[in-house]
Structure formats: C-alpha cells, structure tokens
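*Asks:* To start, I am sharing the structure in question, which I have written as structure tokens.
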Amino acid sequence: MIGGMTVHDNSPDLWRSTFPHPSAEGSKYDRGHAVVLGGPMAATGAARLAARAALRIGAGLVSIACDPASLIVYTTALQAVMTKVVRDEAAFTDLIADPRVTATLMGPAAGVNDRTRNLVLAALAARKACVLDADAITVFKDKPDELFGAIRSPVVLTPHTGEFARLFGEVSDREASALRAARTSGAVVLLKGRDTVIATPDGRVVVNRDAPPWLATAGSGDVLAGFATGLMAQGMAVFEAACAAAWIHAECARAFGPGLIAEDLEAEVPSLLRTLLR
Ligand SMILES: NC(=O)C1=CN([C@@H]2O[C@H](COP(=O)(O)OP(=O)(O)OC[C@H]3O[C@@H](n4cnc5c(N)ncnc54)[C@H](OP(=O)(O)O)[C@@H]3O)[C@@H](O)[C@H]2O)[C@@H](O)CC1
Ligand SMILES: Nc1ncnc2c1ncn2[C@@H]1O[C@H](COP(=O)(O)OP(=O)(O)O)[C@@H](O)[C@H]1O
C-alpha cells in the first residue's frame, strides 16, 4: 500500500490466465486484426516497428493505414503487414468499421496536426480497443478535455514523462500521477520509464520495475505500443494487455542485452511466448 493505493509489482501471475492462446481450430481471423495509423513519407519507421510488434505478439492480421504518398514506402518495407490507403477521415472510419478490425493504434510518428487529431477522434468514435501513443497524445496538449470526452471505450494511453505532462501536468509521485491521469481521462494510463506504471480509472496500479537501461532507445516505445495493440486485437482486456506488453517489452530487452536497438526487441518474443503459452 502506497499513499492509500494498493500497488502490485507486474508479473505474469497477474495476467497469464487471460493471455491469448491460438486455438487449434482457429484461423487468422480468430486472432484479431489490428490497424496502425502510419506516419507520412518522411516518418514511417515508428508505425512499421509498432505494426510488426503487433503481428509478432500474435495478432492474426495487421494493417497500416497510410496516405497515398507514403504507400510505396510501407509496401516495399513490409511483407506480412498489410497496407491500406486512407485519404481522409471517412475512409479511415470505413476501414476500422469492418467487424474484423478489433484494435487500433494511433500516434507513433503520426505528426502533430489536424489530420492526426481527427483520425484519433474517428478511432475513438469506433469504440474499439485503442492505444494512443506519442503524437496522438501530444496533439491534444491544448485541449485535453476534448480527448477525455471522446474516450468511451477501452483505451490505453502510453505517454513518456514529457507526453504525460502535456495532458496531465508534471509527474510528481509516479504511481499517484498515473492513477490521477487514469481517473481524469477514463483510460488505462501506462506511464513509461525505467519503472513503468500502469493504472486504471477504477484504481488498479501495477508497476513494471527495473527495465534495463538499454531499453531507452529510439523506437522502443513504438514497439511497446505495438505489443499492447496486438494483445488487445486478440481480445485481451486492455489493462491486462498493457501489463503483459510492459512485462514482455522489458524481458525482451533483458534477453537481448546491451547494444539493443528497437528492431531487436521483436526477435526475442518467440522464446518468451514459448514460456508463456506452455
Ligand atoms: N523511428 C522513428 O520513426 C521514431 C519516431 N519517433 C517519433 O518522433 C516523434 C517525437 O517523439 P519524441 O518522444 O522523440 O519527442 P517529443 O514528443 O517531442 O517529446 C520529447 C521531449 O519531451 C520531453 N521529455 C520528458 N520526459 C521524456 C522522456 N521520458 N522521454 C522522452 N522525452 C521526454 C523532453 O523535453 P526536455 O525535458 O528535454 O525539455 C523531450 O525533448 C513522435 O512522433 C514519435 O512517435 C520516436 O518514436 C522515435 C523513433
Ligand atoms: N531509464 C530507463 N531505463 C529503462 N527503460 C527506460 C528508461 N527510460 C525509458 N525507458 C523505456 O524506453 C521506452 C522509451 O519509449 P519512448 O519514450 O516512447 O521512446 P520512442 O518514442 O523513441 O519509442 C519506454 O518503454 C520506457 O519505459
């Protein structure tokens, strides 16, 4: 108990019973379809990292929704991840209205602009499981209440400390700040750092402690967002998915060791899955 809050250390015991297992009779469609918003031509790496992570963690299908100009980059750089051209908000709404689309990820290198803001609101209006990261958070820095008012379904916000401050003010006590933010926003809040805090509006607080320092590298947060999205796409509840994603993320970094770059995280997933699915 810390300051009236019960805080649990993250461990598979908290979420293993709901971790998605592929069924022997199932098809890819039974493992969910995640849609990741792609950044523009000059900033495609973050969404690519996230999309591959979502697929690697077990989503049956993953698509990147991109503008026509950047399609060439996504299609040449990705194989198993699909691409869908989205010219405007209406096209994005149509894409994610497909009942087979089970989760969305918005924000990695999306750009801090009206397009991102409108597409985030469209994603939230679809009332599907949704992860909001990076620019999907920053774009609401002047109007956080507009974002909070649109959150009416299972949503995870994944800010680093700087992004957190843009919506909720400076972090003081990390657990108390994350819990306050979850209650204010109505979303699960995953506050990133060496100790990553995951808090829910109804008062649950979990800390994933002591991630290895080499996890602090460009793009590793994009991979984390992809892991959470891929688990949610498979039907895992958002809080458990966020906890599992944070744990797997840090364990992948520990397994790889120093010298890690974001691209390396994904390669460590299969051996962790072998253990978790045993
Ligand atoms: N491969 C790719 O394509 C990649 C693309 N990426 C994309 O780049 C975009 C910008 O994302 P970003 O996070 O780099 O910058 P931004 O939102 O401007 O915030 C940075 C400022 O916040 C503050 N700050 C405080 N605490 C902090 C903390 N713990 N960690 C970090 N910052 C912290 C700090 O301010 P200071 O404290 O220095 O005043 C700092 O100057 C975004 O779209 C993202 O998706 C990246 O994912 C990388 C890989
Ligand atoms: N000192 C640290 N030790 C271990 N892990 C850290 C440390 N600082 C940040 N991290 C982790 O590194 C990742 C960085 O994510 P983020 O800030 O979103 O970067 P990016 O936007 O480049 O992907 C997060 O998962 C965070 O928990």
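Each Cβ is built from the backbone N, Cα and C atoms, and glycine gets one as well.
Curation plays no part in TrEMBL annotations; they are all automatic predictions.
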*Asks:* Where TrEMBL shows K192, G193, R194, D195, T196 binding AMP, which of G169, G203, G219, G221 is named for the same site?
*Replies:* G221
*Asks:* Since TrEMBL lists A46, H160 for (6S)-NADPHX, which candidate among D222, D264 does it give for that site as well?
*Replies:* D222
*Asks:* Please work out the mean pLDDT for the residues of the domain 'YjeF C-terminal' (11-276).
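*Replies:* Computed over the domain 'YjeF C-terminal' (11-276), the mean pLDDT is 98 on the 0 to 100 scale.
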*Asks:* Of A46, H160, D222, which is closest to R194 (AMP binding site) if I measure between C-alpha atoms? They're all binding-site residues.
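*Replies:* Among A46, H160, D222, H160.
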*Asks:* Determine, using Cα-Cα distances only, which of these binding-site residues is closest to T196 (AMP binding site): A46, H160, D222.
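*Replies:* Result for T196 (AMP binding site): the nearest of the binding-site residues is H160.
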*Asks:* Report, in whole Å, the straight Cα-to-Cα distance of A46 ((6S)-NADPHX binding site) from G193 (AMP binding site).
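*Replies:* That comes out at 18 Å between the alpha carbons.
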*Asks:* When you rank A46, H160, D222 by Cα distance to K192 (AMP binding site), which of the binding-site residues ends up on top as the closest?
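*Replies:* Nearest listed residue in space: H160.
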*Asks:* Could you tell me which of these binding-site residues, H160, K192, R194, has the greatest number of Cβ atoms within 10 Å of its own Cβ?
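*Replies:* Of the binding-site residues H160, K192, R194, the most buried by Cβ count within 10 Å is K192.
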